[in-house]
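Working notes, beginning with the structure itself.
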Amino acid sequence: MGKAVGIHLEIRGLQKRFGERLVIENIDLQVREGEFVAIVGRSGCGKSTLLRLIAGLETPTEGKITQDNIWVQGINPAVRVMFQEPRLLPWQKVSDNVALGMDGKTEDIEERTSQILQQVGLEDYKDEWPAVLSGGQRQRVALARALVSRPRLLLLDEPLGALDALTRIEMQQLIEKLLQKQGTTALLVTHDVEEAVALADRVILLEEGEITLDLPIPLPRPRQRNSTKFVSLAGRILDRIMQTSANESSRQVL
Amino acid sequence: MTSGFRPGRTVKFMIPWSVPVGLVILWQLLAHFGWISSRILPEPAGVIQSAIRLTESGDLLRYISDSTSRALVGLVIGGSIGLVLGFFNGFFPVAEKLLDTTIQMLRNIPHLALIPVAILWFGIGEESKLFLVALGVFFPLYLNTFHGIRSVDPGLIEMGKVYGLRGWTLFWKVILPGAMPSILVGLRYSLGIMWLTLIVAETISSDTGIGYMAMNAREFMQMDVVVLSILLYALLGKLADVLAKGLESWCLRWRVNR
Ligand SMILES: Nc1ncnc2c1ncn2[C@@H]1O[C@H](COP(=O)(O)OP(=O)(O)OP(=O)(O)O)[C@@H](O)[C@H]1O
Ligand SMILES: [Mg+2]
């Protein structure tokens with residue numbers, strides 16, 4: 001299997017308005033091929049909107065998004081999105097949900113589907129309807145569906161939100177392993193700073209529609225979560241988030 | 001169900017039928033002891049005898065099959081027009097703008113009010129009955145298909161597009177199954193209207209079918225045959241409903257209760 005090459009993503013002067021509300025103010029961002037960028041920020045700061053813009057599900061009010069120097073408008077077939085909700089088709093069995101939109105030989109699809117289901121720990125559920133799964137299991141199916149087709153650009157919107165701590169770490173390791181193997185470019189939205197530092201090559205902080213922090217994570221993989229460097233990086237990001245929100249609330253008091 | 005009375009399979013099957021069967025037994029007893037006059041209601045035994053007689057002559061089967069085929073052909077014609085138009089208007093807002101007001105206006109005319117028109121246009125032959133049945137079943141199927149298409153979760157459609165589904169595949173995998181619950185509701189409504197329309201149309205003007213059998217019997221004061229035809233309508237209606245329910249539970253088997 002040849003190594004799929006990730007997309008080189010470039011965003012310039014991006015702005016998005018919904019009516020009067022300015023959600024994305026002005027974003028410039030470069031993501032190298034194969035780079036893994038985590039986006040953190042408070043609820044409602046525009047993280048999902050940014051991913052939707054990149055996926056071509058929203059049209060920018062201003063600015064340009066290019067993939068491999070090509071200005072993409074509309075949905076790019078090389079991109080896969082894992083939405084904030086699982087969005088499984090209730091009328092398809094788990095394995096058919098995972099295989100959605102894959103093309104190729106049937107045996108090949110079946111093999112890859114059952115392999116990825118095994119990796120997310122749901123091989124016993126492949127013939128079940130999504131309705132019988134728990135919330136976390138549904139999320140893992142959605143993750144499997146996003147990963148199985150080896151996209152060139154992967155957009156993950158809080159993929160592990162509904163999982164317990166243990167499964168969460170397992171899934172983080174799975175994402176890390178698969179993306180490195182496939183060379184996929186990835187953007188991960190998360191509210192868990194530790195998750196961002198564990199997975200990403202770079203962590204970006206989004207505040208009121210602007211990037212206010214862009215921090216490389218130069219730690220070797222696999223990352224030790226209790227190493228001093230790890231802890232201090234995570235602490236810095238967290239401090240930064242808290243600091244601005246503290247400023248905001250003091251501003252409100254004045 | 002964890003405790004208490006747990007009926008077996010056959011018992012479970014028999015419970016819903018116990019009331020109608022009980023009523024028939026009561027009826028037989030009342031008629032037998034002369035509590036109700038046979039001019040008003042004949043004995044069940046008499047109804048059964050006339051059923052046997054008509055079966056032997058072959059008339060009964062012919063009437064049933066004529067009525068059933070009218071019902072089905074009318075359903076297929078009216079239903080498929082309703083489905084197609086429902087999809088069409090569901091997908092294309094322009095088409096909806098153009099046609100929906102007209103359809104809503106027509107919907108408010110009771111289709112049975114068109115019986116005289118149908119007879120003038122088509123005579124008392126097959127066409128007038130098919131026309132009325134088709135017209136009757138059209139509206140519930142149209143409305144529910146349209147509503148079904150519009151109520152498919154937009155998040156799923158968006159997901160489908162991101163995962164590379166286009167055109168027909170998007171329709172087969174996402175939109176049609178999403179609209180299915182609503183379409184099936186429309187189908188069950190249509191089946192009810194189908195029998196109702198057919199009964200009225202056959203009773204008013206016909207030369208074959210169950211309704212004709214009833215009207216013919218009335219002229220000759222054969223009360224047992226009149227009752228037989230009413231029972232037949234009840235049974236056929238129930239049969240249609242059972243089939244529709246079966247179709248529903250097969251199509252919607254993904255709706256698992258947990
Ligand atoms: N289609 C839309 N129309 C109007 N406003 C919208 C639309 N989509 C998003 N918004 C607004 O944009 C803002 C950012 O929304 P977004 O979903 O991007 O936030 P988020 O950072 O993903 O938040 P969370 O962490 O809670 O998921 C919100 O105030 C939201 O109300
Ligand atoms: Mg969001």
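Just so it is clear, glycine is given a Cβ too, placed from its N, Cα and C backbone atoms.
What TrEMBL says about a protein is an automatic prediction, not a curated fact.
Per TrEMBL, these features apply:
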- B:64-244: domain 'ABC transmembrane type-1' (DOMAIN)
- B:12-35: transmembrane segment (TRANSMEM)
- B:71-94: transmembrane segment (TRANSMEM)
- B:106-124: transmembrane segment (TRANSMEM)
- B:130-149: transmembrane segment (TRANSMEM)
- B:170-187: transmembrane segment (TRANSMEM)
- B:193-213: transmembrane segment (TRANSMEM)
- B:225-244: transmembrane segment (TRANSMEM)
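Relative to the transmembrane segment (B:225-244), the listed stretch B:193-213 leads the set B:12-35, B:130-149, B:193-213 in CB pairs under 8 A.
Long-range contacts of the transmembrane segment (B:170-187) within the same chain, counting only residues at least 6 positions beyond its ends with a Cβ under 8 Å from a Cβ of the stretch, are 79, 82-83, 86, 90, 140-145, 147-149, 151-153, 156-157, 160-161, 244, 247-248, 251-252, 255. Here the transmembrane segment (B:130-149) has Cβ contacts under 8 Å with residues 70-71, 73-75, 77-79, 81-83, 85-87, 89-91, 96, 103, 107, 111-112, 114-115, 118, 121-122, 175, 178-183, 185-187, 189-191, 193-194, 196-198, 200-201 of the same chain, all six or more residues outside its ends.
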